[in-house]
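Taking it in order: structure first as structure tokens, then the write-up.
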Amino acid sequence: MNGLTATGVTVGICAGLWQLVSSHVGLSQGWELLGTIGFVAFCSFYAAGGGKSGFIRSLAVNYSGMVWAFFAALTAGWLASVSGLSAFWASVITTVPFSAVVVWQGRFWLLSFIPGGFLGMTLFFASGMNWTVTLLGFLAGNCVGVISEYGGQKLSEATTKRDGY
């Protein structure tokens, strides 16, 4: 079986297992987005190129996006309190520099998968800035990516004909 087909099989199996596990955990209050965050991280792993470097880059930039989102929220709160702006307008204003930083950090190899930073920001905000569920969701999803890729490689090796047999 070629590598892409084998990886497709293992991705499907891993996605199904992730859905099973995360949907049960997601029944607990505050954990509703665990499945979504994990699936996005799963995609982020492959989009960052897969393998060891894809895992490292994806996870690092997902986490950096969370940190920038946290600082953006703190800055928006501060700006609203000192300026009299509404929280909405303070958030709009602080989105500009913190979004730019996510792009600018891309000059560094570890943070060069720029979309991953925006995924981290977005899902951290979507979770209500829940550090635990977002950190664990990104870690689990990237790990599921590694497992599915490795499984695909092993399945391909086990099912590929060798020496003409």
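Glycine is no exception: its Cβ is also placed from the backbone N, Cα and C atoms.
What Swiss-Prot records for this protein:
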type	residues	note
TRANSMEM	30-50	transmembrane segment
TRANSMEM	65-85	transmembrane segment
TRANSMEM	86-106	transmembrane segment
TRANSMEM	108-128	transmembrane segment
TRANSMEM	131-151	transmembrane segment
Exercise. Could you pull out which residues elsewhere in the chain have a CB under 8 Å from any CB of the transmembrane segment (30-50), counting only those six or more residues past its ends?
Key: 14-15, 18-19, 22-23, 57-59, 61-62, 113, 115-116, 119, 123, 126-128, 130, 132-134, 136-142, 144-146, 148-149
Self-check item: For the transmembrane segment (86-106), distant same-chain residues with Cβ under 8 A (at least six beyond the ends)
Solution: 61, 64-65, 68-69, 71-73, 75-77, 79-80, 112-114, 117-118, 121
Quiz item: So what's near the transmembrane segment (65-85) in sequence-distant terms, Cβ-Cβ under 8 Å and 6+ beyond its ends?
Solution: 91, 93-95, 98, 101-102, 116-125, 129, 131, 134-135, 138
Quiz prompt | Long-range Cβ neighbours of the transmembrane segment (131-151) (under 8 Å; 6 or more residues past either end) | solution = 7, 10-11, 13-15, 18, 22, 30-31, 33-34, 36-42, 44-46, 50-51, 54-55, 58-59, 62-63, 66, 120, 123-124
